[in-house]
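What TrEMBL annotates here:
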- 1-24: signal peptide (SIGNAL)
- 38-152: domain 'DOMON' (DOMAIN)
- 167-366: domain 'Cytochrome b561' (DOMAIN)
- 179-199: region 'Disordered' (REGION)
- H206, H242, H275, H311: heme b binding site (BINDING)
- 207-225: transmembrane segment (TRANSMEM)
- 237-258: transmembrane segment (TRANSMEM)
- 278-295: transmembrane segment (TRANSMEM)
- 307-330: transmembrane segment (TRANSMEM)
- 342-366: transmembrane segment (TRANSMEM)
- 374-399: region 'Disordered' (REGION)
Amino acid sequence: MQSASMRSVFFLWALMTCRNYTFTNKNTYALCVDLPVLSSFLHWNYTQSTGTADVAFRHTGASTSRWISWAINPKGQRMVGCQALVAYMTTSGSMYAYTSSVDSYSTDLPEGALSFGVPSISATYENGEMTIFARLKLGTSMTSVSQVWEEGPMNGPGTPGRHSMGGANVRSTGTLNFLSTSSTSGGGSPSGSSGISSTERKKNVHGVLNAVSWGVLMPTGVLLARYLKVFKSANPAWFYLHVTCQTSAYAVGIAGWVTGLRLGDEGGGSSVGTHGNIGMALFILATLQVFALLLRPKPDHKYRLYWNIYHHSCGYTAIALSIVNVFIGLDLLDPTKVWKRTYIIILVVLGCVALTMEPVTWAVVIKKRRRERSQKHPAVGMNGAHSNGYNGRSHEDGV
């Protein structure tokens, strides 16, 4: 009985390895490797004299509403710079395979030529398994390469969506030697670690730093200044709270910005499109605000009005851009939307504070202005004497 169980286990294991697989189109491959994640396998023949590789990339448990991709990256184990083979099922039920050069983290895998020749490419879907077949003209010097393989959802007809940024999808990288079956995984974590790759950890740090600085601290600093300074008892505490919040936001934001630049360098020097451009604009606006603090004139200075316009314009623009950019960044970092929902709750809380304090502070301001007007122009009786009988001094004068 035990012998029969062992034979069954061995049989199942044999079926799940690349070495015992038979292609229905009768293609045969001399070499293959079981890729460590995403239920994927790579088969190939390599002709060293011409630098040509015939490859077959298989993904088991595939869905017709998802795409698959296998790529090599001459620039290292990262997404940006990947020269990808992509396949998915069309609405007509046929498989479509094409090539795509990945130039940013937010790519939707547009069709395009690769840095090497691909004379033929096709794909099949059978029994829940997608396979890409292709011939690659790599050249004789490219025998050991970095490889990346992925799978993700379709966003509609002919539009691959963004794959998950966690779990197996960030560990699906490694190196491949076309001359042998040696293949190493480059995206995983050492045994006993948390299972998060170094790149994923840097992205998380970048996201947290920027969400806290630009997305939370900076709006909070503005609320403190706007709603506390109208109360005489809060002066000058509101100013120091405002400066502390904004300088902290700037310091933490710079750390997050530098982390983003380093991620861009690791991605082949590419920025993440709109997200990176807005991040640069935020850095410039925040730096201008630091100079605004250093150049702040006295309240009664003739240029104070222009300084206020400059300070408020930069500040509110920075807050609007920061909130937009946090949402863009969270979409890149967290497709499951958990962090995004958390940030929405924070914004709702800040919004409720603003909605509550806005009418309260306006009431205080209007009351103060009325009091000042009454002090400037006190009521006068019929005989020209002041109605309060105090020789022109109002009760607020304390006399």
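Cβ atoms here come from the backbone N, Cα and C positions, even for glycine.
Within the same chain, residues at least 6 positions away in sequence whose Cβ sits under 8 Å from that of H311 (heme b binding site) are Q289, A292, R296. Listed by sequence, the residues of this chain that lie at least six past the ends of the transmembrane segment (278-295) yet keep a Cβ under 8 A from its Cβ atoms are 210, 214, 243, 246-247, 249-250, 253-254, 257, 260, 307, 310-311, 314-315, 317-318, 321-322, 324-325, 328.
Across the domain 'DOMON' (38-152), the model assigns an average pLDDT of 90. The C-beta environment of H242 (heme b binding site), restricted to residues of the same chain at least 6 apart in sequence and closer than 8 Å, consists of G221, V222, L224, A225.
Its Cβ taken as reference, H206 (heme b binding site) is surrounded by 23 other Cβ atoms within 10 Å in the chains shown.
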